[in-house]
Amino acid sequence: MEHSLMATRSYFLLFSSFTFLLILLSFPVEKSHALEAKETIESHFHTLQLTSLLPSSSCNTATKGKRRGASLEVVNRQGPCTQLNQKGAKAPTLTEILAHDQARVDSIQARVTDQSYDLFKKKDKKSSNKKKSVKDSKANLPAQSGLPLGTGNYIVNVGLGTPKKDLSLIFDTGSDLTWTQCQPCVKSCYAQQQPIFDPSASKTYSNISCTSTACSGLKSATGNSPGCSSSNCVYGIQYGDSSFTVGFFAKDTLTLTQNDVFDGFMFGCGQNNRGLFGKTAGLIGLGRDPLSIVQQTAQKFGKYFSYCLPTSRGSNGHLTFGNGNGVKTSKAVKNGITFTPFASSQGATFYFIDVLGISVGGKALSISPMLFQNAGTIIDSGTVITRLPSTVYGSLKSTFKQFMSKYPTAPALSLLDTCYDLSNYTSISIPKISFNFNGNANVDLEPNGILITNGASQVCLAFAGNGDDDTIGIFGNIQQQTLEVVYDVAGGQLGFGYKGCS
């Protein structure tokens with residue numbers, strides 16, 4: 001009996017100890033799962049101060065972009081870091097910026113489908129053989145014709161001529177020919193901050209002949225056949241918002257940095273210019289055409305450049321030529337950069353990429369990759385808002401709204417139809433948005449690449465849909481902000497890295 005009682009007690013103690021051990025072990029397991037779930041949720045959301053999305057009135061020089069090799073400082077044309085004197089000029093509203101952005105998008109999409117307008121081409125057969133001069137040129141064209149231009153641009157400073165004159169130029173991956181305003185203005189010149197370039201004061205300036213191969217190449221670079229004046233080649237560019245530039249196609253010395261000087265750089269010397277260029281001296285073309293700066297400097301930089309676009313908070317970015325050391329290269333610099341191959345295209349200017357999918361809050365959108373492939377996508381430094389195929393945008397918007405359901409909505413703003421009133425919030429939590437590109441390149445957008453603000457009471461999703469699923473998509477500059485974007489043109493690939501600037 002006593003033996004049986006002892007056995008029962010031993011069994012009870014063993015069972016109790018085992019039960020206690022199970023209970024003890026269960027706590028860290030449950031806690032681990034809970035912590036893991038919390039971390040998973042946090043990993044798919046941005047939690048941020050609302051003020052980080054709002055514009056700044058001061059320039060934060062402590063957050064300048066990286067300075068490497070043949071590197072130029074990049075500032076937002078509308079931001080506080082620009083050196084362009086905008087006193088007396090009213091800054092464009094977000095509604096106006098979006099309107100000009102749509103004009104740019106319309107012109108890009110028209111150009112991709114080869115609906116270009118020839119500035120010097122006349123319907124009148126009698127005048128078809130007459131060579132056009134700068135003075136004779138007309139530029140009263142439809143608003144949606146010509147090359148793209150927008151107001152959400154970024155600018156860099158370069159030197160032109162001997163001795164060099166500093167010029168602030170819009171930089172644009174959707175354009176090829178670099179141009180600046182020149183003296184004398186035979187018809188009109190818009191107001192710019194710096195003195196207008198005077199070719200007669202440069203020891204190295206020369207006009208390009210009408211009969212040269214370079215002159216013939218203007219058609220592909222500008223969309224217009226060249227004109228001729230006194231045997232000198234005349235270029236003309238019409239932009240989608242009715243801005244234009246006409247002048248002599250010329251050569252001169254281009255200075256990027258003290259150690260990066262290029263003799264005989266071909267550019268447009270505009271003597272008849274009008275439009276929304278905002279005190280800049282002109283434009284620097286980073287497209288794929290042989291006349292772009294990328295191709296003209298290829299011997300030194302290997303058709304390799306990168307940039308980081310700063311946010312509108314008031315910091316500086318960079319535009320860098322070469323692999324970071326200012327030397328020729330065709331090899332991809334890995335160093336935290338994820339690469340996707342450029343997609344094949346028939347267009348000579350634009351950089352096409354393959355988007356395979358989009359995730360919102362860690363949830364992949366239920367859309368076919370064919371929606372992207374049928375339309376095609378380009379990356380563009382001058383388009384502000386990313387444009388997506390209609391069905392893709394509908395899915396993105398619907399999923400985003402589900403995650404944002406706790407926030408009060410606000411009225412739509414122009415083409416932005418998903419907006420929120422966050423005026424009563426100091427911090428917010430928004431779902432992360434990630435793009436999946438060909439080559440297993442996944443890019444998480446920063447908060448400033450997801451939302452755009454018109455004040456705290458109107459904060460909008462910074463995407464828009466095309467009218468259908470067949471129109472080309474555009475990966476815009478809002479989504480590119482603070483990313484290191486690398487164009488390895490010779491290597492046929494585009495790279496993305498994080499924290500390229502602030």
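Heads up, the Cβ atoms here are built off N, Cα and C, so glycines get one too.
What TrEMBL records for this protein:
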ACT_SITE  Asp172  active site
ACT_SITE  Asp380  active site
COMPBIAS  123-133  compositional bias 'Basic residues'
DOMAIN    154-497  domain 'Peptidase A1'
REGION    123-142  region 'Disordered'
SIGNAL    1-34  signal peptide
Residue pair Asp380 (active site), Asp172 (active site) - Cα distance, angstrom, rounded: 8
Integer average pLDDT (0 to 100) for the domain 'Peptidase A1' (154-497): 93
In three-state DSSP terms, the structure that Asp172 (active site) belongs to: strand
Cβ neighbour count (within 10 Å, all chains shown) around Asp380 (active site): 24
